[in-house]
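To keep things clear, I will list the structure first and then write my remarks on it.
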Amino acid sequence: MDIFQVIVLALIQGLTEFLPISSSAHLILPAQLLGWQDQGLTFDVAVNTGSLLAVVIYFRRELFSMFTAWTSSLVTRQQTQESKLAWWIILATIPAVIFGFTAKDFISTHLRNIEVIATTTIVFGLLLWWADKLNREGFSEFQVGWKKALLIGFAQAMALIPGTSRSGATITAALALGLSREAAARFSFLMSVPVSLGAAILVVKDLLSSQEAIDYQALVLGTALSFVAAYLCIHYFLKIISRMGMTPFVIYRLALGAILCVVIFA
């Protein structure tokens, strides 16, 4: 990989990981237009690590409070709002784990193509618009409850289909279930931690068993750029949605879907 490819793909991964616009749709366009080959497991580890570090550092206080409350609840059997939130996020992670292990090969073989990505980009963009218009004041992430957490978890599992967008699917489900925009985004971002950590472990496992040469320059640069892009993305996304809602991202998804359709039929 040359430096330009590393910069472009790392920034795309960092920016699109937490915006409801689908990272796979953005990663496929440079590959299609510029003829780039697959970036390899080493680079996947780098950009996933950068994104994971960004959300952990940005929400470090919340995650620390949740972790200490959760571990305390295991001993005392008494629940606080932080420990409940931790349990709900654990519950919401289960569907993605099950679906990921059972459908991984099918998705990679049959659904990882530009036609599917174009369709899901448009369809889930329209669903995001519907959920955002349906939403009013909403409630906070501390009022989710186990039923809603599980439903949002199923949405996260569905996001394994390329083009859906993990944050897009979970935010859409959270809005439809009554969370406020900011709470939906925060819950989605917190949900990403166990999923991203698990995915990173699996990728590292695959990397250790492969014969792929490690490009340390791409590793360091990809991690750093992905971290910075993801951190800034989280910060400004939470500010934008409080004022403008999801409409800009819906319009962007529809435009991107249209571009992908042009690429398909060109």
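Along the chain as shown, the residues are counted starting at 1.
Glycine residues also receive a Cβ, built from the backbone N, Cα and C atoms like all the rest.
Taken verbatim from Swiss-Prot:
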- 1-21: transmembrane segment (TRANSMEM)
- 39-59: transmembrane segment (TRANSMEM)
- 87-107: transmembrane segment (TRANSMEM)
- 114-134: transmembrane segment (TRANSMEM)
- 144-164: transmembrane segment (TRANSMEM)
- 184-204: transmembrane segment (TRANSMEM)
- 218-238: transmembrane segment (TRANSMEM)
- 246-266: transmembrane segment (TRANSMEM)
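When each of the listed stretches 1-21, 39-59, 87-107, 246-266 is scored by C-beta pairs under 8 angstroms to the transmembrane segment (114-134), 246-266 comes out highest. In summary, the transmembrane segment (1-21) does not lie against the transmembrane segment (144-164): fewer than three C-beta pairs, each 6 or more positions apart in sequence, are under 8 Å. Between the transmembrane segment (39-59) and the transmembrane segment (184-204), three or more CB pairs separated by 6 or more residues in sequence fall under 8 Å, so the two stretches touch. Same-chain residues lying 6+ beyond the ends of the transmembrane segment (87-107) with a Cβ under 8 Å from its Cβ atoms: 66, 70, 73, 79, 144-146, 149-150, 152-154, 156-162, 187, 190-191, 193-195, 198. Sequence-distant contacts of the transmembrane segment (218-238) (same chain, at least 6 residues past either end, Cβ-Cβ under 8 Å): 1, 3, 6-7, 9-11, 13-15, 17-19, 42-43, 45-51, 53-55, 57-58, 182, 185-186, 189. Same-chain neighbours of the transmembrane segment (144-164): 22, 24-25, 85, 87-89, 91-96, 98-100, 103-104, 107, 111-113, 116-121, 124, 170, 172-174, 177-179, 187-188, 191, 195, counting only residues six or more beyond its ends whose CB sits under 8 Å from a CB of the stretch.
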